[in-house]
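Asks: Pasting a structure below so you can have a look.
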Ligand code: NDP
């Protein structure tokens, strides 16, 4: 069997960004409203620092107002809530992103719940999660990674009706909303998790296999049904002694080389879902600004 197509997340993201840039310029010309994105980061987590920097750069490239609030790791819950309240009240800010994970003992859920739903461009608060669960996509902000994953899935398998989709992972951030989107696309959806029995056999029944687990290269070649579309959401840093002592590299939750032998199309890590996540954040921010402008 021929090798699977590698789904180019960078190219797909670049196309979304081009559309967002044009949309932002048109919105500002028409209404004077310039989309504004505020990113809040607490503590020094190195991976989060990298993500926040790239989100800020991309927001600027899109012509947005981009604001970063970096708070120390010992920030009190009330202080963080006060910052979110001030951003909720700021008419120049249309999107608020709270970078996760938060350092302990901060509890993300009560803070996320205070983000105004119309500025919750990460789609994580209960209003938007509820709208996604209800299939009310016209008013929801769909979380960025699931939204981006769907674009990539559709690019590889335009007709999803009746397909069996298996989503491995049931987090609020990724697994559950991807499952809701696949269901809305008329897939038959199975959600798997750490207690699922005989996961390899279940995965072998998937026309669309989404891995959102956080375990390096867990999904092996023989878990993949011939002709499946495989979406690898995982981002895992593993030792790479071949690059030198102490060096690391990024891998996904899927054994990419193995999966390529069976799948019709797979996303690489890096260069697959990751770039789409940032692109969808920009799209959601533009949507938020457009709604705010009436
Ligand atoms: P979570 O840790 O919140 O969830 C992981 C899920 O995987 C849980 O539902 C867990 O099951 C399940 N799981 C863990 N081990 C197994 C196993 N052995 N077999 C089956 N299921 C298992 O992670 P996230 O959903 O936040 O993220 C998942 C991955 O995606 C991570 O690698 C993360 O870095 C990456 N990510 C990538 C993004 C991107 O832009 N590309 C954005 C966000 C995340 P249970 O519920 O039973 O514990």
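Heads up, the Cβ atoms here are built off N, Cα and C, so glycines get one too.
Sharing the features that TrEMBL gives for it:
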- 7-122: domain 'Tetrahydrofolate dehydrogenase/cyclohydrolase catalytic' (DOMAIN)
- 143-291: domain 'Tetrahydrofolate dehydrogenase/cyclohydrolase NAD(P)-binding' (DOMAIN)
- 169, 170, 171, 235: NADP(+) binding site (BINDING)
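How buried are the listed features, and what sits near them?
Replies: Residue 171 (NADP(+) binding site) falls within neither a helix nor a strand when secondary structure is assigned with DSSP, and so counts as coil.
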Asks: Please find, for 169, 170, 171, 235 as listed binding NADP(+), the greatest distance between any two Cα atoms, in Å.
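Replies: Of all Cα pairs among the recorded NADP(+) binders, the widest measures 16 Å.
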Asks: What is the total of other Cβ atoms whose distance to the Cβ of residue 169 (NADP(+) binding site) is within 10 Å?
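Replies: The answer is 23.
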Asks: Tally the residues of the domain 'Tetrahydrofolate dehydrogenase/cyclohydrolase NAD(P)-binding' (143-291) by DSSP class, grouping H, G and I as helix, E and B as strand, and everything else as coil.
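Replies: Taking the domain 'Tetrahydrofolate dehydrogenase/cyclohydrolase NAD(P)-binding' (143-291) as a whole: 60 helix, 30 strand, 59 coil.
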Asks: Taking 10 A as the limit, how many CB atoms besides its own sit near the CB of residue 235 (NADP(+) binding site)?
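Replies: For residue 235 (NADP(+) binding site), the count of other Cβ atoms within 10 Å is 19.
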Asks: Relative to the Cβ of residue 170 (NADP(+) binding site), which residues of the same chain, six or more apart in sequence, are found under 8 Å away?
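Replies: Correct list: 176, 179, 191, 192, 193.
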